[in-house]
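*Asks:* Could you have a look at this structure, given as structure tokens, before my questions?
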Amino acid sequence: MENYNQTLTDFILLGLFPPTKFGLFLFILIVLIFLMALIGNLSMILLIFLDTHLHTPMYFLLSQLSLIDLNYISTIVPKMASDFLRRNKTISFIGCGTQSFFFMTFAGAEALLLTSMAYDRYVAICFPLHYPIRMSKRMCVLMITGSWMIVSVNSCAHTVYAFRIPYCKSRAINHFFCDVPTMLTLACTDTWVYEYTVFLSSTIFLVFPFTGIACSYGRVLLAVYRMHSAEGRKKAYSTCSTHLTVVTFYYAPFAYTYLRPRSLRSPTEDKVLAVFYTILTPMLNPIIYSLRNKEVMGALTRVIQKIFSVKM
């Protein structure tokens, strides 16, 4: 058995990588995905900042999504990699609380931001003449600021409460990050009231935003169907399908994990599903939005041409 040199306030993250060659393969793969996510999201942020053609509400929200994804994956993967390389899977009580807080904050912020992006497309397609007023710069800033305030308060409340619960001598968390529902299995007291609170919070940040997104895109698809311009329909369908792809990748595993009763959950299944919304989604988002978006590819071409013209 491995010696973790555990203190009374330490937790142990059992992690994702088994101590085998397959575990080494997974480690290398995750590190490569992490690097791709860093490069992709940083590139999107810089591209939107540098190209004036992308200074619109839609791309402002997209730059915020890249910023969230950049921080989101950085909250999880560096600790995983460090644990694997050092063979030391302990995390301090404060470190676990900090990771849990930032995970919940970025996860909630992404859910609300995807809803804001759906509203942006709804207004742009269904009320194009009202778009400059409804999606003004001030409105975008208010939406982003409000989202951050809501998720920060929610994360702070959950973190403070979860880390005031007495935990038993066994501190082994069967996950690769400090996930509150998984931690509750280690509690020495009955936590059914708090588990209900976690379920209610998950419903608010998953079901309600998803319902809003579904309603927005239902109206959008109806409006697109009534369009006379074939090119306009094609552009609208492309934008909507891109966003719906991102929403599906993010919400489906998240909802399946957090909206099930504890009796139906298994640690292995939870870890596999968590890979989708904590690691794969932050890497896929910039790829999906860049490769399937002619405006982004055009902006990339213009920025590269400017760089080479300056060097010449």
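Count begins at 1; order follows the chain as displayed.
Each Cβ is built from the backbone N, Cα and C atoms, and glycine gets one as well.
According to TrEMBL, the protein has these features:
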TRANSMEM  24-50  transmembrane segment
DOMAIN    40-289  domain 'G-protein coupled receptors family 1 profile'
TRANSMEM  59-81  transmembrane segment
TRANSMEM  101-119  transmembrane segment
TRANSMEM  140-161  transmembrane segment
TRANSMEM  199-224  transmembrane segment
TRANSMEM  236-252  transmembrane segment
TRANSMEM  272-291  transmembrane segment
*Asks:* Rank 101-119, 236-252, 272-291 by Cβ pairs under 8 Å to the transmembrane segment (24-50) and hand me the top one.
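*Replies:* That would be 272-291.
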*Asks:* Looking only at the recorded stretches 59-81, 101-119, 236-252, which one has the largest tally of CB-CB distances under 8 Å to the transmembrane segment (199-224)?
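*Replies:* Selected stretch: 101-119, with the most Cβ pairs under 8 Å.
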*Asks:* Going along the chain, which residues at least six beyond the ends of the transmembrane segment (236-252) come within the CB cut-off of under 8 Å?
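*Replies:* Distant contacts of the transmembrane segment (236-252): 110-111, 114, 117-118, 121, 125, 206, 210, 213, 217, 220-221, 223-224, 227, 276-277, 280-281, 284-285, 288-289, 292-293.
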*Asks:* Along the domain 'G-protein coupled receptors family 1 profile' (40-289), what average pLDDT does this model show?
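*Replies:* For the domain 'G-protein coupled receptors family 1 profile' (40-289), the model's average pLDDT rounds to 88.
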